[in-house]
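Here TrEMBL flags 15-85 as domain 'Ribosome maturation factor RimP N-terminal'. As annotated by TrEMBL, domain 'Ribosome maturation factor RimP C-terminal' applies to 89-152.
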């Protein structure tokens, strides 16, 4: 397990039980280096959407815990945010929420000449994801999927 993965796991294990009673859902945690600076990002959501006040509430409890535990050895910037439109589908809840909805799938390697597919999410399990495009079902191995997210039409 990398340093980043251990930080993410520790944050997820502590934060998830804190958020439930507050009415929030932990969507994702990132610990990434961008332009020489480390960022700890926590993405939260709730029924009806997340507000700036909600992000502030989560930030407050997280800051207190992070200061108390002091387990991240790097200097970093801490951010709490909503997952936004087009968020990746990572957890079982994400797939349940998006069943029957349009999704985009980006593959590591081309399949039938394409690395990107858009269709309706119809089925999934631990190993595969199935979408329907024009009444044709396409099934992809999860190990071949670089990204799957909600499809956004503007």
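Just so you know, glycine gets a Cβ as well, placed from its N, Cα and C.
Because TrEMBL annotations are produced automatically, they should be read as predictions rather than curated entries.
Assigned with DSSP, the residues of the domain 'Ribosome maturation factor RimP C-terminal' (89-152) fall into helix, strand and coil as follows: 10 helix, 39 strand, 15 coil.
Under DSSP, the residues of the domain 'Ribosome maturation factor RimP N-terminal' (15-85) split into helix, strand and coil as follows: 26 helix, 25 strand, 20 coil.
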